[in-house]
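Taken straight from Swiss-Prot:
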DOMAIN    2-235  domain 'PABS'
BINDING   29, 104, 136, 137, 162  S-methyl-5'-thioadenosine binding site
BINDING   60, 84  spermidine binding site
ACT_SITE  155  active site, proton acceptor
């Protein structure tokens, strides 16, 4: 392997030993594809780790299954971001999903993922239920009809560059508007250690917009601090805390990280310093 490939954040480096296979700049960001000794091929955007073949389930399972196992219906799903295909792949494991809109702003992320990381997207790209749109997910949410989706998932990068607008009130209000009754919204919500201020602000804002929102904590070892979060929100009570057993039974055996038991523990694993900051 050629050397160390590092992500730098606030005076700390997070690195993998490996080789750079592709490095290019799209109209939106710098994209790198690497081959690492530890986690296989991986993707970086603007120098930040996004995903890798042997790590992606830590992230994708945590984002998808608490939402799809708890929403009242899951026929129509919107995924904003997620150009590697991993989030859509986990969603399409549910036969109840009839239509999934995958809206990714950077077409090169999709193309490079299909070429170099085909195992992450799997059969998504040929599944007739998945409609890929290369475009702005923020504009998509703003223009979508009221109550048009059962589940809305935001699989974006950190709050900078093209993903910055995925973290503000106007966007979250549109996500609430397009969610059907009984629906669930979910988003990656940064690290409570490496991005503490952003994380706390996101959870507070989602509670204001939706009425009910709670973070779930897990680990993604290649991300800053290794400790990550996903926040789930709903209008009609914290339904994301109640797993539907029949749906869970369909997917649990194929999961490496998620299970109903893991989900319960991860939702309850709020550290004291975060609980104090989130207290009314």
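From the backbone N, Cα and C atoms, a Cβ is placed for every residue, glycine too.
Feature map: Swiss-Prot annotations on the structure.
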| residue | record | Cβ neighbours (10 Å) |
| --- | --- | --- |
| 29 | S-methyl-5'-thioadenosine binding site | 21 |
| 60 | spermidine binding site | 26 |
| 84 | spermidine binding site | 28 |
| 104 | S-methyl-5'-thioadenosine binding site | 26 |
| 136 | S-methyl-5'-thioadenosine binding site | 16 |
| 137 | S-methyl-5'-thioadenosine binding site | 28 |
| 155 | active site, proton acceptor | 28 |
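Residue 60 (spermidine binding site) is 21 Å away from residue 136 (S-methyl-5'-thioadenosine binding site) when you measure Cα to Cα.
A strand conformation is recorded for residue 104 (S-methyl-5'-thioadenosine binding site) in the three-state DSSP classification. The predicted model assigns the domain 'PABS' (2-235) a mean pLDDT of 95.
The DSSP secondary structure for residue 84 (spermidine binding site) is coil. Ranking the recorded positions 29, 104, 137, 155 by Cα distance from residue 60 (spermidine binding site) puts 155 first. Distance between Cα atoms for residue 84 (spermidine binding site) and residue 104 (S-methyl-5'-thioadenosine binding site): 9 Å, as a whole number. Rounded to a whole number, the distance between the Cα atoms of residue 104 (S-methyl-5'-thioadenosine binding site) and residue 155 (active site, proton acceptor) is 9 Å.
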